[in-house]
Amino acid sequence: METRTAENTAIFMCKCCNLFSPNQSELVTHVSEKHGEEGVNVDDVIIPLRPLNTPENPNPSKGGDEFLVMKRKRGRPKGSTKKPSTEEEVVENLVSPSEDGPLATEEGSRLAPSSLECSKCCRKFSNTRQLRKHICIIVLNLGEEDGDAGNESDLDLEKTYKEDDREKASKRPRAQKTEKVQKISGKEAGQLSGAKKPIISVVLTAHEAIPGATKIIPVEAGPPETGAPPPETTAADLVPRRGYQEYAIQQTPYEQPMKSSRLGPTQLKIFTCEYCNKVFKFKHSLQAHLRIHTNEKPYKCSQCSYASAIKANLNVHLRKHTGEKFACDYCSFTCLSKGHLKVHIERVHKKIKQHCRFCKKKYSDVKNLIKHIRDMHDPQDKKVKEALDELRLMTREGKRQLLYDCHICERKFKNELDRDRHMLVHGDKWPFACELCGHGATKYQALELHVRKHPFVYVCALCLKKFVSSIRLRSHIREVHGAAQETLVFTSSINQSFCLLEPGGDIQQEALGDQLQLAAEEFVCPEIDVRKEEACPGEAQPEVGLRELVVPGDAHAPPPGPLATPQSESSSLSPCKLETTVVSSDLNSLGVVSDDFLLKSDTSSAEPPAAAEATSDTQHRDSAQTQGEEVTLLLAKAKSAGPDPESSPGGRQKVGALPASESDSSTCLRANPTEASDLLPTVTDGGDLGVCQPDSCTPSSEHHPGSTAFMKVLDSLQKKQMNTSLCERIRKVYGDLECEYCGKLFWYQVHFDMHVRTHTREHLYYCSQCHYSSITKNCLKRHVIQKHSNILLKCPTDGCDYSTPDKYKLQAHLKVHTELDKRSYSCPVCEKSFSEDRLIKSHIKTNHPEVSMNTISEVLGRRVQLKGLIGKRAMKCPYCDFYFMKNGSDLQRHIWAHEGVKPFKCSLCEYATRSKSNLKAHMNRHSTEKTHLCDMCGKKFKSKGTLKSHKLLHTSDGKQFKCTVCDYTAAQKPQLLRHMEQHASFKPFRCAHCHYSCNISGSLKRHYNRKHPNEEYTNVGSGELAAEALIQQGGLKCPVCSFVYGTKWEFNRHLKNKHGLKVVEIDGDPKWEPAAETPEEPSTQYLYITEAEDVQGTQAAVAALQDLRYTSESGDRLDPTAVNILQQIIELGSETHDAAAVASVVAMAPGTVTVVKQVTDEEPSSNHTVMIQETLQQASVELAEQHHLVVSSDDVEGIETVTVYTQGGEASEFIVYVQEAVQPVEEQVGEQPAPEL
């Protein structure tokens, strides 16, 4: 409507919608039609606006338009080509030139603050130019093409804001534009932003313009009810508002398991803002967006009062103080933001324009092109609509609402790159695969992080196939190399395996002693790589990545870096051992060298070594050609000095290789060829071990990029050579329960079972309120608290309203309020700064894994340690060699046993114990109350454990322990042992108050405690008889030691537990054989042969052991024939000596000593013991592999003379320890060495 003609008349305005009219009756009709339901008074809504006197024009020659233009204080933005428009300035002042100045100034100042606020996201701006370029204003109605007629005013409003800059003011009446601006500038703007409809759901629809894409469409609630708000609204406002809604899109599960053990995510989460209903795919971008609504600006400048909600904006601002700017390469343009420089180059120099498909217009910005198409072309047209959909994808608003679909499994992804990587999963081969566990990755970085999780790499000594655990290695040897000796092959494989050590990992020197140090000195793992020559000599093959061999003691070697072995640690190695000829002879002796690797050394030697290599190359060229393939072994020069070693003819060494099918397997070679040849002694002799044939054992990987990537990752990792002693030491520290799937070690079975379920995906705990399931009970408990409870943990800081159901999130939030964690942490490698310690730790572990933990500790100012890959490390007892879990109660009780402390004491008697549970069980003896009732038979018990054991009797498979004499079965082993007392023919222990008798003193004491608690313990039986008397009454004497047992089952149990033997009757004659190896028993078995009653028989046994070449690997493989030979030898000298003198001959592994104390039949055998397996760590000499030690005694009364028989060594150089055996106590204490003889 036109208002210029009413110079002296009043103009009426509707306060509800800011509608102007010179006729009051028209506004009355308007209010009754539009605002009648609101119950407003017409006189209060319609107000008259009367013009004031216009001040004198200082320049009468110029009109009011020019006067308003001259008042503009802000000029053109830097770099802008737009000219000032008088119409825009009139819009900014919100008045017409015909109106009086004072009224215009007052009205403009009153409406200006609200006019600079976005009606969609409520963000405020300092000027109209920023508001017009705001993303919400530009794309406000991009998704409202099909809107109803009630939104026409809003559509016109947006068109006003998105009006093209080139259109002049004369095209549209000035008053009409003023009216439209006021529609969002006045009071209703706040109403629109405050009455935003909440989102109740999210709908996914297929995108019309892009195949394979899905658009996220939020569904808003219905229109709010007009009328007074309910009284509950005030109470609801008091609840802390989270500010966003979270939606989970269920992912389609895989129809068949993937090659990887991982399962894809079952849900895809998206988020919506509760204030402006915007959709976000990532939570971090939503959190940054929410700061706009909360006016939170945590990033503050330390030099001025500037603050920002986004950290990147603060970084740009700081360049104002530092003077750092980005300069254009084509002109003198400079700016503070790298993004602004990119836009400048595209617009000014590259002349990149966005062309309209329907006319000849072109724009420098996609947003302006979208605005042009909507204003000048019909959005309802099909082609126009498709063009708009494509252009929206070039904006942040359009990309934010787009998901990408997999057309095979219909899974959805937040970005196109993840979808493309996922498509590789449906192929035949993973692009990046792990050869140890079969894990597949679609990124090289993901494979690199995955391989670092494997603590060990076990290599088969025959076929060089790699395994993630020793369990799979044993299974492989048993299934594929069944004809070979399993123990010998397994030991050789352990010696060729290695452990992957991350810098700062959890294999520490204080835990493993000097084992790693010795392994590093005796072995240098060569960094090897592949170079296979094709039939075409002119075609070059790409390098896979050369591995570096650190040569200690070399004068030309570079200083040791983070991954290099220190020169001082391995100075005993001679550099001549690493010559090419030595390596080639080493490889030929083994016969199992793969052609996949190159041997590279960081040496900068001159031409003489190269000439020697050339000579060696000439000598071995013919032998290499007979193998059908050539393998290049290269001692390369340093990267920074010397010519390319590949181009040097003297830098090549050809040796024999394996077939092509084994070319992708790796091995670690010893620097000493003699040690390497000893690993597989029967391979070169053509024995049973033989080289694995290609058809019988094919490596897991073929020649494809995944295998190459895995080898490159393996080459870049730090390694330590493994051996049997180091392996046993690691298992003693970290536990002997090994995970088959990843090689991790555990101490306790409950932890091991829980870990295995992470690989098998066996979920035992299910949520009763949703479909959630978890592996552990704690995860389920945390889920219930977070998702299904109204428990909120509030921040205790004054003035902070933060609350969360997760205690871990609250702990992370509390760091914001601490001054210590507000400091910035800088990466020592790339100098990138982080605000939290966890962020810099994750950054270093991901991007700079070579940084040691000491460096990270210095950066953070405290000692830190990454999560152990092997497992939880145990602590050694300060009094003995036993290991216990770190900070565990078992260690404390063990130390109390050494110190004789029993802190838990009974208040009713003198009983004391070191365990609280034992005290609780003891207190049940003073109580007659039985509170635990069996629901099957009604029997009552005092403790829960007793009830649990009793319930096993009601199950079919509960009685697993059977008597070997009668049909008795028991649910527990102690019950069976108690039953076996009934079958004893001789019972030397008898009660003085009843007819009870038994053959064990402990059973009689238990009888007194239960049946005669007030009587003193007294044995009225004959007590323990001498060995001869017990034998006369049917007892059995141990053939190894002097113990005699009254029953056969006690005798068999003694042989199995103490000596590892079992009785096997062959044709009626009893024979002693080594007991079958069980998982609980150690891998090294000690075989006790027979009795020897004089020195002569002992010497004969030693000679027999020398002929049999007894070693630790073959000790448990001796057949009964060899045992019988030794028995016959010992019996040769037994006729001329006293039969009362009893000694033992034992065959032991290298490095052990056995001390046997001679006793007579009159002495009670329970007062002494046989000490075995005392490791000679204090010896001044090192034992070779074939050393054997047999120790016996010549004195009858006591040990005064010790005879030591050795093979290849001086007996005087060994230290022998003797210790008296003690009676068993409640807590077994580790044996302490006695003074040396």
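Cβ atoms here come from the backbone N, Cα and C positions, even for glycine.
Copied over from Swiss-Prot:
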BINDING   CYS273, CYS276, HIS289, HIS293  Zn(2+) 1 binding site
BINDING   CYS301, CYS304, HIS317, HIS321  Zn(2+) 2 binding site
BINDING   CYS406, CYS409, HIS422, HIS426  Zn(2+) 5 binding site
BINDING   CYS460, CYS463, HIS476, HIS481  Zn(2+) 6 binding site
BINDING   CYS767, CYS770, HIS783, HIS788  Zn(2+) 7 binding site
BINDING   CYS795, CYS800, HIS813, HIS817  Zn(2+) 8 binding site
BINDING   CYS934, CYS937, HIS950, LEU953  Zn(2+) 12 binding site
COMPBIAS  70-81  compositional bias 'Basic residues'
REGION    50-110  region 'Disordered'
REGION    147-188  region 'Disordered'
REGION    551-576  region 'Disordered'
REGION    601-671  region 'Disordered'
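In this structure, the C-alpha atom of CYS934 (Zn(2+) 12 binding site) lies 58 angstrom from that of CYS463 (Zn(2+) 6 binding site). For HIS426 (Zn(2+) 5 binding site), the nearest of the binding-site residues by C-alpha distance turns out to be HIS476; the candidates were HIS289, CYS460, HIS476, CYS767, CYS937. For HIS289 (Zn(2+) 1 binding site), the nearest of the binding-site residues CYS406, CYS460, HIS813 in terms of C-alpha separation is HIS813. Same-chain residues at least 6 positions away in sequence with a Cβ under 8 Å from that of HIS817 (Zn(2+) 8 binding site) are, in sequence order, CYS795, THR797, CYS800.
Shown are the binding-site residues HIS476, HIS481; of these, the residue with the fewest other Cβ atoms within 10 Å is HIS476.
Listed in chain order, the extra residues whose Cβ falls within 8 Å of the Cβ center of the Zn(2+) 12 site residues CYS934, CYS937, HIS950, LEU953 are MET936, LYS939, LEU947, LYS951, HIS954.
Here the CA atom of CYS767 (Zn(2+) 7 binding site) lies 29 Å from the CA atom of CYS273 (Zn(2+) 1 binding site). Looking at HIS783 (Zn(2+) 7 binding site) and HIS813 (Zn(2+) 8 binding site), their Cα atoms lie 20 Å from each other. One way to see the shell of the Zn(2+) 2 site is to take the Cβ centroid of CYS301, CYS304, HIS317, HIS321; the remaining same-chain residues with a Cβ within 8 Å of it are SER302, GLN303, TYR306, LEU314, LEU318, LYS320. Cβ neighbour counts within 10 Å, taken over all protein chains shown, single out HIS289 as the most crowded of the binding-site residues HIS289, HIS293, HIS317, HIS783, HIS813. For HIS481 (Zn(2+) 6 binding site) paired with CYS767 (Zn(2+) 7 binding site), the C-alpha to C-alpha distance reads 47 Å.
Cα-Cα distance from CYS406 (Zn(2+) 5 binding site) to HIS321 (Zn(2+) 2 binding site): 49 Å (rounded to the nearest whole number). Counting other Cβ atoms within 10 Å of each Cβ, the lowest count among the binding-site residues CYS463, CYS934 belongs to CYS934.
Shown in sequence order, SER768, GLN769, TYR772, LEU780, VAL784, LYS787 are the same-chain residues outside CYS767, CYS770, HIS783, HIS788 whose Cβ sits within 8 Å of the Cβ centre of the Zn(2+) 7 site. Excluding the listed site residues CYS273, CYS276, HIS289, HIS293, the same chain places CYS121, GLY243, TYR244, GLU274, TYR275, LYS278, LEU286, LEU290, ILE292 with Cβ atoms within 8 Å of the centre of the Zn(2+) 1 site Cβ atoms. Calculated from their C-alpha atoms, the gap between CYS463 (Zn(2+) 6 binding site) and HIS422 (Zn(2+) 5 binding site) amounts to 34 Å.
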